[in-house]
Ligand SMILES: NC(=O)C1=CN([C@@H]2O[C@H](COP(=O)(O)OP(=O)(O)OC[C@H]3O[C@@H](n4cnc5c(N)ncnc54)[C@H](OP(=O)(O)O)[C@@H]3O)[C@@H](O)[C@H]2O)C=CC1
Ligand SMILES: Nc1c(N[C@@H]2O[C@H](COP(=O)(O)O)[C@@H](O)[C@H]2O)[nH]c(=O)[nH]c1=O
Ligand SMILES: [Zn+2]
């Protein structure tokens with residue numbers, strides 16, 4: 001029904017307010033409708049806080065309206081005690097008669113039990129409205145629970161002739177290929193993901209900070225690969241601006257297992273070439289965001305090679321940004 005789709009789309013739109021602060025919880029959106037009017041809305045609070053359904057219920061001024069309202073939500077309401085009590089119980093307590101759900105929650109602690117609980121209490125439940133859009137919206141959470149690994153975004157910047165760094169450089173910092181606007185977009189992306197990962201050489205040669213200093217939002221957890229324990233504690237990635245995890249694992253499978261155990265739902269991998277190619281060759285990646293600047297290095301560290309489905313192609317002034325998905 002068109003009306004259901006409109007309200008679920010609204011749930012998805014407001015849920016995006018949680019991007020970058022709710023993980024490892026899913027960023028859920030919820031809308032409550034009575035007599036064709038939205039009477040309450042909510043999205044997931046920062047990690048450890050209230051779920052979307054509770055925020056939506058709390059936002060309804062006249063609670064008596066809930067007894068004849070319809071609750072729309074992107075993801076099946078939870079049925080277990082986590083950091084907060086079950087949302088299904090709150091829906092039942094307020095006797096909300098109808099619940100429209102985007103997609104079921106495959107997380108083993110829920111997995112249909114929220115729906116069963118609601119139906120057992122007499123609630124009319126419809127599941128699967130804008131299901132594909134809700135699955136895409138919850139891609140980080142679903143990848144983590146269904147594939148037991150984080151959602152993996154590859155990102156790099158290459159020159160017009162295909163290099164990510166010159167052959168040699170005088171200073172221990174990046175040689176910038178992209179313009180300041182592209183670099184600010186990267187800080188926004190860092191704020192959206194739970195973690196950022198780089199290889200050993202990148203730490204040694206660039207001494208990167210890997211923070212979100214040019215954007216509002218929290219710094220991601222920094223992950224550095226260091227299988228030979230070659231990194232001293234003086235590098236910027238070990239300052240106190242953000243948490244840093246050192247991974248000594250060698251294979252992609254062991255690396256993402258380590259990330260899974262650390263409860264990391266999403267990671268942006270920013271290089272260098274060897275590290276990116278390691279993930280590309282294993283086939284374990286979800287998205288790639290590649291900038292091409294206008295400068296030429298003629299020689300240097302070659303950019304990784306990747307095949308994927310192009311889903312976006314845009315200009316950031318003189319830089320080109322192409323986004324691929326792994327298909
Ligand atoms: N333009 C851009 O977007 C970016 C550019 N850069 C540039 O790239 C250069 C570094 O790239 P690159 O030399 O490819 O290095 P990486 O940063 O990818 O680091 C690779 C190194 O990490 C070691 N390593 C440690 N653990 C692992 C592991 N589990 N898997 C694989 N490697 C591991 C490798 O050891 P071993 O050799 O023993 O396998 C290798 O020496 C720098 O000059 C930097 O400026 C970096 C990031 C982004
Ligand atoms: N050179 C280059 C990039 N390099 C990446 O950015 C890292 C530096 O991070 P930070 O110290 O936080 O600014 C660096 O180590 C490498 O991973 N990124 C880009 O968007 N464009 C560029 O031209
Ligand atoms: Zn809940």
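Heads up, the Cβ atoms here are built off N, Cα and C, so glycines get one too.
Note: TrEMBL annotation is automatic and uncurated.
Binding of Zn(2+) is annotated in TrEMBL for 78, 87; the matching candidate from 51, 137 at the same site is 51. Among the recorded positions 51, 53, 190, 206, 210, 270, the ones whose Cα sits within 10 Å of the Cα of residue 157 (NADP(+) binding site) are 270, in sequence order. Under 6 Å, Cβ to nearest atom of ligand 2: this is the test, and of the recorded positions 53, 87, 157, 190, 206, 270 it is passed by 157, 206, 270. For the Zn(2+) site, the Cβ centre of 51, 78, 87 serves as reference, and the other residues of the chain with Cβ at most 8 Å from it are 28, 52, 53, 54, 77, 84, 86, 88, 90, 114.
For residue 176 (NADP(+) binding site), the spatially nearest entry among the binding-site residues 51, 78, 190, 270 is 270, judged by CA separation.
Secondary structure at residue 206 (substrate binding site), as computed by DSSP, is helix. Residues 51, 78, 87, taken from the binding-site residues 51, 78, 87, 176, are distinguished by a CB atom under 6 angstroms from ligand 3.
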